[in-house]
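Visitor: Quick one: this structure, given as structure tokens, is what I'll be asking you about.
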Amino acid sequence: MPRGAGRLVLVMGLLALALGAYFLAPRLPLLMQPPTEGYDPARMVLVYATLPRLVMAVLCGAALGASGALLQQALRNPLASPTTLGIDAGARLALGAVTLFYPALFGWGRDVVALAGSGVAAALVFGLSRRQDFSPVALILSGLLVSLYCGALAAALTLVESRYLASLFVWGSGSLSQQSWTPTFDLAIRLAVLVVPIALLARPLSLLDLGEDAARGLGLNVAYLRLGAVALAVLLAAFTASSVGVIGFVGLVAPILVRLAGARSFGRSLAAATAVGALLLLLTDLLVQMAAGLSADFLPTGAVTALLGSPILLWLLPRVTVRLRKEAAAMPAMRSYALAMRRGVLPVFIIGALLIVLTLIALAVERAPNAEWQLLSAADVSHILPFRWPRVLAAVGAGLLLGSAGFLLQRLTGNEMASPEILGVSSGATFAMAVALFVSGVPSLATVTASAALGAALVLGLILFLSRRSGFQPERMLLAGIALSALLDAVIGVLSAAGDPRALQLLSWLTGAGFAAEPMSTLVSLALVALGIIAALCLVRWLDIFQLGAVTAQELGVPLGLARVLLLALVAGTTAVATPLVGPLTFVGFIAPNLVRLLGLRHSGTALLSSALTGAAILVTADWVARTVAFPFQLPTGLVASLVGAPLLLWLLQRRPA
Amino acid sequence: MQRNGHAVLPHRRAVLGGLLAAPFVMRSGPALARPSRIASLDYALAQHMLVLGSPPMALADAHEWDKWVAEPPLPADIIDLGTSLSPNIELLAALRPDLVLTTDFVGMAEPQISRMAPVERLTIYSDGGTPLPKAFETVRRLGTILGLEERAEAYLAETESFFAACAERARPFREKPILLLSFLDPRHARVYARPGMQQDVLDRLGLQNAWTGEGFYWGFATVGLEELAKAGDAVAMADYMPPDIKATLEQSPLWLSLPFRRNRGPIPVLPTVAAFGGVPAARRWATLILDALERQAA
């Protein structure tokens with residue numbers, strides 16, 4: 001009687017066999033018939049669509065399962081996978097861009113592109129988390145950040161060429177639909193090439209179980225070993241992505257299931273994860289195909305795995321936390337902050353003055369209807385200014401909110417990769433907005449804004465509820481947020497994959513293109529901004545104490561649980577107000593506090609205000625660029641903000657290694 | 001665009017000539033209270049203004065007209081407002097329109113636009129009913145707004161007789177179901193289905209749609225190509241197929257074995273026609289479908 005992982009594989013295999021038999025039995029006799037003179041559509045579909053699709057599911061699932069197992073072992077990170085490390089998103093963006101500009105690229109060319117995209121994404125993720133010694137949480141946060149960033153860029157691409165929207169969505173959500181054996185054979189060849197190097201690495205990788213020092217003592221070059229394993233994992237994921245699209249979460253869930261089932265050695269768990277990945281995707285795809293018989297809606301398998309995968313991740317999180325928590329404690333808790341506090345109002349005034357100058361430029365410098373640059377003419381003040389000032393001030397308000405929300409979250413979690421986008425609050429807002437769009441059919445700005453706020457509030461409630469048991473431990477809340485974001489993204493993917501043009505509306509808002517500010521709503525938002533910042537300033541003392549560590553903070557009499565809940569509620573509230581103004585993906589909440597930190601402003605009060613003002617300065621500039629640079633076309637503000645801010649931040653991070 | 005208009009649709013020359021002359025007729029004197037500086041955020045409504053002889057002053061996505069709509073030709077002096085989902089509000093304000101046309105789809109910008117000009121929302125693609133009758137309604141409504149009621153009625157009456165003539169032309173093809181595709185990638189396509197504009201056109205011509213499944217109100221379903229086996233034997237045509245897809249497609253054994261491909265050779269690709277257009281688009285679909293059918297029969 002097999003035990004542990006073996007039993008898991010056996011059970012899943014039997015299940016797949018039963019389901020497959022049920023699915024195929026009525027049609028298999030068709031194979032026995034000689035390929036007759038007459039045309040038989042049922043036979044053709046069986047031979048050239050159904051069977052290659054099932055084989056494709058097995059191949060992709062196996063590749064992803066192996067990829068996840070390699071990553072988790074090499075990085076000693078139970079949450080590593082092609083999905084969580086941004087590898088999928090990188091491949092998706094690269095292939096999306098290529099589809100738009102060189103649609104005729106197939107074969108190995110496509111693989112090279114997918115590989116380049118996922119390779120660059122992986123390198124970015126490692127670059128971002130290097131400063132935190134690749135700790136699991138830092139890696140996952142960087143992965144999510146890179147995923148979101150790639151997603152925003154891919155969304156912008158589809159807005160450029162909306163005709164391709166549907167095809168990019170279909171591809172991005174991983175449809176396994178096949179019409180010939182060619183793609184299956186092509187993928188099989190690519191994967192076969194990788195089998196030998198993976199088998200060769202399995203043994204040395206298993207030595208990592210002894211601990212890094214012991215492995216080094218045995219003469220292993222741990223750095224090269226890791227690099228090799230990650231490279232193989234990226235290759236596996238990239239080949240899969242280039243042949244069928246993005247299939248999320250299989251690479252994460254398969255190795256975790258194997259570990260929970262109790263596989264002993266790495267060699268075994270790698271083999272088991274490969275098998276479980278293959279069976280997982282096969283089972284999912286069989287179910288999808290059966291469901292497709294029942295409803296007319298187009299359902300890509302990749303979107304379904306993401307849909308099923310994220311709740312599984314939520315459920316698994318408490319079970320993989322033991323090591324996580326240890327690592328989190330060992331994480332550099334930014335203790336240096338407490339030592340190097342520079343109090344002062346001068347930087348705040350300088351950034352504030354800069355913001356005012358930028359705001360004036362944004363208000364006054366414009367393009368004439370004939371696209372000439374000009375200053376706002378007196379004649380246009382009454383015509384154009386009423387439409388411009390709400391938008392500019394909304395950018396200021398949203399920037400202030402996101403800058404302070406990002407700062408609070410980064411201080412609270414002690415993690416410089418944290419950002420409101422990552423908490424899932426923005427995804428909640430987006431999701432609610434999607435529902436409003438698809439249910440009401442006729443969206444008004446008011447409905448959309450109201451539903452965005454409601455969605456943000458619901459997600460916040462859910463995150464608080466889910467992390468209640470961990471005493472609102474910030475890392476756990478971030479991970480719950482990640483799982484929720486992924487779930488909501490999957491739902492949006494399913495909604496969009498059928499090619500509904502309403503997906504375009506959603507997308508345009510997602511990238512901050514539908515920036516529509518009304519005078520009244522802008523003024524209300526600004527009042528909320530003021531409230532939010534005052535509240536933040538009241539709570540800021542706690543943040544200074546948090547930097548001394550949780551234990552010290554408790555000794556000093558800070559009510560830890562209450563403080564965390566209040567601060568998180570503030571973060572969520574400010575994000576909920578800001579999201580309808582500029583869309584969920586500006587990355588300002590990530591960029592602004594980091595810029596301020598790199599400027600050396602560490603005293604909490606100073607840094608909070610500087611972050612808020614920097615956020616506003618970034619968004620006002622981005623909005624002005626978005627309005628003018630491609631006149632008469634308005635670029636998505638959120639996208640311009642992330643395109644401008646992120647490279648700047650990366651450059652700064654490079655310049656000052658920790 | 002003239003190429004399509006004249007080479008493919010010779011029998012419509014008279015109509016087109018009239019349409020092209022219309023702006024000059026109109027210039028003689030619009031009624032005083034009528035809006036004259038009209039901006040449209042929607043292609044179909046712009047099509048309707050063009051056939052009524054009163055082109056809009058500005059149009060969203062005007063630069064892509066030739067790529068996705070083609071007919072009727074768009075005068076070159078129409079100002080581009082940027083994308084329809086995120087029109088340039090400031091540019092629109094600078095143009096000082098006295099009416100802006102929107103639809104449910106682009107309605108999100110309405111609160112802002114209504115601060116500068118009256119907004120008229122005329123939606124053709126929405127839940128309930130089918131697009132063609134709604135498109136007729138918007139032609140009438142635009143006729144009333146522009147003070148061109150007679151021209152609108154004349155155009156619609158002419159459209160009715162056009163469809164009647166087309167139905168006559170379609171008589172020999174009534175037995176053959178038609179499959180209308182739009183390719184997404186080498187593995188997936190959209191199938192035009194009930195309740196869409198293309199279905200309305202087939203109904204007017206008395207032709208059958210080979211795809212009996214229903215789509216949602218934009219009138220298409222997204223499918224993997226293997227599902228097209230359900231369509232059985234049909235005359236298939238595509239309004240959109242990038243060349244690279246064609247090459248891959250023609251190597252797929254399944255595609256080659258689908259009855260409509262196997263019995264009739266590579267499927268024809270129609271010239272540019274608006275997928276979600278107005279009455280002129282419906283007429284163009286009718287003509288293009290019939291042209292393709294006749295060419296295949298010849």
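The backbone N, Cα and C atoms fix where each Cβ goes, glycine too.
Just so you know, TrEMBL annotations are computer predictions that nobody has curated.
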Visitor: What range among A:181-200, A:241-260, A:581-600 does TrEMBL record as transmembrane segment?
Guide: A:581-600
Visitor: Using a Cβ distance cut-off of under 8 Å, indicate which of A:136-160, A:344-365, A:445-466, A:581-600, A:633-653 has the most pairs with the transmembrane segment (A:422-439).
Guide: A:445-466
Visitor: Any chance the transmembrane segment (A:607-627) and the transmembrane segment (A:112-129) have 3 or more Cβ pairs under 8 A, given the pairs are 6 or more apart in sequence?
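Guide: Answer no, regions not in contact.
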Visitor: Do we see three or more Cβ pairs under 8 Å linking the transmembrane segment (A:112-129) and the transmembrane segment (A:633-653), pairs being at least 6 apart in sequence?
Guide: yes
Visitor: Which residues of the same chain, at least 6 past either end of the transmembrane segment (A:45-71), have a Cβ under 8 Å from a Cβ in it?
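Guide: Sequence-distant neighbours of the transmembrane segment (A:45-71): 20, 24, 27-28, 30-31, 77, 80-82, 85, 176-181, 183-184, 187-188, 191, 198, 201, 205, 229-230, 232-234, 236-237, 239-240, 243-244, 247, 250-255, 258, 266, 269-270, 273-282, 284-286, 289, 301.
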Visitor: Checking distant contacts: for the transmembrane segment (A:633-653), what same-chain residues at least six beyond its ends satisfy Cβ-Cβ under 8 A?
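Guide: Non-local partners: 124, 127-128, 131, 149, 152-153, 155-156, 159, 395, 508, 510-513, 515, 582-588, 590-592, 594-595, 598, 618-619, 621-623, 625-627.
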Visitor: Do any residues, 6 or more residues outside the transmembrane segment (A:581-600), come within under 8 Å Cβ-to-Cβ of it, and if so which ones?
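Guide: Residues packing against the transmembrane segment (A:581-600) from afar: 145, 148-149, 151-152, 155, 340, 342, 347, 394-395, 397-399, 402-403, 405-407, 409-410, 416-422, 426-427, 429-430, 509-515, 517, 525, 575, 607, 610-612, 614-615, 618-619, 622, 636-639, 641-642, 645-646, 648-649, 652-653, 656.
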